[in-house]
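K.L.:
First the structure, which I've put down as structure tokens, then a few questions once you've had a look.
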Ligand SMILES: O=C(O)CCC(=O)N[C@@H](CCC(=O)O)C(=O)O
Ligand SMILES: [Zn+2]
């Protein structure tokens, strides 16, 4: 109980505390669990957790787990909060250093994807652009980058980052992960196995560096990072958490430092796609021809016109392409969707 009180005062748990203090600048607070695990609340929604120094870290790793980078993507937030409560209740012992992040607390309170600007377009230094001057989301991106940098420096073990999301549209493949582009690298087999363990059967390989949180941690911290899409956006309390048991179990296993289990059917094969084209809102009388109710991974045959503007008409060429994250309601210059093909 002492740890709850030190970290979250009169709130019943981390999520309640984060929502209640979403717009407050709170000083760092530290506590130690009865087993010697140290927890530091670096800011509202950011916890740096370190196991006792004499405990073995059999997987020799450090983990960054983030959720709520988009405030309305609530299921992963609930999963992370439940895992933290288990740790605080002494249900299992932590083996590796952890940085747990609830990304955008004000947007979580509002039940919106973001307040002023999409936080997941502000990483990799993009928060420093003059157009974002003074915006709280730019300050949060900068703070989160710094928290991750310090965590990586404090723990030079192999670093993985899983940025957990849910999608706006329905999806023909319910759970999928995106692997940020870093020149010359390949997805390690143990990461593919972890995705399958988490019941994520589909992987998209990005084709260029971006300004997402996972792109930042891969490019600048050398982490094995993934944006993981785990289902569909729903308000707090409305998620069928049974559908998120896979990621919860797989993360708990990593937190405890247990060995990776062997692959079990039906989650024994990862289907891999590559991004071939990123559709951007050009602003020049941009017209998007993908209807509003289309599911992620809907395929379009060669010849289909996907978007047009005053200068360009984009048509699928040669082989079919599928759409992911179709959303024309974005500012000029931002992503309207990804076109992908099987690898
Ligand atoms: O469903 C949607 O349209 C968006 C879901 C979401 O937030 N996806 C991430 C993907 C980030 C990446 O490309 O790694 C995003 O759009 O920020
Ligand atoms: Zn998201």
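Note that Cβ sites are derived from N, Cα and C of the backbone, with glycine treated the same way.
Note that TrEMBL annotation is computational and uncurated.
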K.L.:
Quick one: which of 165, 207, 269 does TrEMBL put in the Zn(2+) site with 70, 73?
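P.N.:
For Zn(2+), TrEMBL names 70, 73; of 165, 207, 269, the listed one is 165.
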K.L.:
Excluding 70, 73, 165 themselves, which residues in that chain have a Cβ inside 8 Å of the centre of the Cβ atoms defining the Zn(2+) site?
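P.N.:
Near the Zn(2+) site, beyond 70, 73, 165, sit 67, 68, 69, 71, 72, 76, 113, 120, 164, 166, 167, 233.
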K.L.:
Which of the three DSSP states, helix, strand or coil, fits residue 165 (Zn(2+) binding site)?
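P.N.:
The residue in question, residue 165 (Zn(2+) binding site), is strand (DSSP, three-state).
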K.L.:
What are the DSSP helix, strand and coil residue counts for the domain 'AstE/AspA barrel-sandwich hybrid' (269-342)?
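P.N.:
Output for the domain 'AstE/AspA barrel-sandwich hybrid' (269-342) reads 0 helix, 35 strand, 39 coil.
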K.L.:
Give the number of CB atoms, excluding that of residue 73 (Zn(2+) binding site) itself, located within 10 Å of its CB.
P.N.:
27
